[in-house]
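Student: Have a look at this one before I ask anything.
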C-alpha cells in the first residue's frame, strides 16, 4: 500500500497540468513558451467569502421577506469579472435542489413558482440578498446563496422559517387511511401543507402531544409525545418525536401532520336559531361574500388571532370544530385548543366562514 500510494503521488505530480491548490487563486496557468511546463503568469491572494445569517429568518404567509447574503474578498479588492449569483432551495428529502434565481449584474431570472416573486437587492457593494414577495407556505426551508467569479465558487445557507402551526389531520373516513400523496392533497385542501420535521419539532416543544403517527414532508412518519404512555411507544421512553422512519409513499397509510401559517383574511362565525346543515352552512358563507373555512384557517385564527368561540361550527371538510383560547366550564378540556366533534352525518350547527382580504 505505501508503494502504491507513492507511485500514485509521483504520477499525479509528473502527469498533471494543473497547479496544486495551496490557498491562492490563480488567474493564468498557461505557459506561452509551449514547452509543456506550467508557469504561473499572475495570481492574487484574495479569497472569496460568502456570508449569510446564522440565525433563522422568520416570516409568515403572504408577507415579504429578505434573505441576507453578502460576499467579500480577503484581502479586499474589486472584482475584474462579472459576478454570477445563484439562489437555490434545498429539499427536505435531499433530492435535487430547486432553482430559485440566477443573476449576472442587473440581469436576473427567477424559476418555477418564484417567477415574479423573487429578485436580488441591487443596493450596496457586494450585495447578493434575495427578496421573496408574497411568501407561500412552500417557501419555508433552507436556501443556498452561491457566488461565482470565474473559477471561484463559494456559498452559504440561510434558513427561512414561517411562523405557523402544526395540526394533526384525519380524513372523514377514519384513522390511517392516507398514503403520502393523499396526505399531501388533504393538507392542501385544508389551506395547509405537509409539515417538515423542524416544524413538528417546534410544535412539540410548544406542547403538541399526539399519539397517532402521521406523514411529514420528507416522506417519514412520526408523532410527538410530551407525556409517555403505554400505547404511544411505552412508559419508559423519554418524551420526544417518535419515528417510523421513511415509509413507502404509495403502499403505507397513516394520518398527516399539516402546517398552516398566518391568515391573509378573516374568520367569522355565523349561526341560525335552528342551526344549519353543511350545505346550508356553505350557502350562508357565500351569501356573505365568503367561503366556508378550512381546518387550517381555524387553527391559524386560533393561534395568531386568539379566536375563542364556544360554539361548534361546520368547516369545509365536513367536520365540526370550535377554538378555545381561554378554557372554561362547558367548553371542553382545561387546556386551550381546537375542539372537534368529528364528522357528523347529521346535525345542525353554526359555521365558520373565511373571507380573503
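Here, residue 1 is simply the first one shown, and the rest follow in order.
Note: Cβ is positioned from N, Cα and C throughout, glycine not excepted.
According to TrEMBL, the protein carries these features:
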- 1-15: signal peptide (SIGNAL)
- 47-158: domain 'Ig-like' (DOMAIN)
- 165-260: domain 'Link' (DOMAIN)
- 211-232: disulfide bond (DISULFID)
- 266-355: domain 'Link' (DOMAIN)
- 310-331: disulfide bond (DISULFID)
Student: Please work out the number of neighbouring Cβ atoms within 10 Å of the Cβ of residue 310 (disulfide bond), leaving out its own Cβ.
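Tutor: Other Cβ atoms found within 10 Å: 15.
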Student: Relative to the Cβ of residue 211 (disulfide bond), which residues of the same chain, six or more apart in sequence, are found under 8 Å away?
Tutor: 223, 225, 229, 231, 232
Student: Just counting, how many other CB atoms are there within 10 A of the CB of residue 232 (disulfide bond)?
Tutor: 19
Student: Can you name the residues of this chain that are 6 or more positions from residue 331 (disulfide bond) yet have a C-beta less than 8 Å from its C-beta?
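Tutor: For residue 331 (disulfide bond), the qualifying residues are 310, 322, 324, 339.
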Student: Tell me, what is the mean pLDDT of the domain 'Link' (165-260)?
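Tutor: The average pLDDT of the model in the domain 'Link' (165-260) works out to 96.
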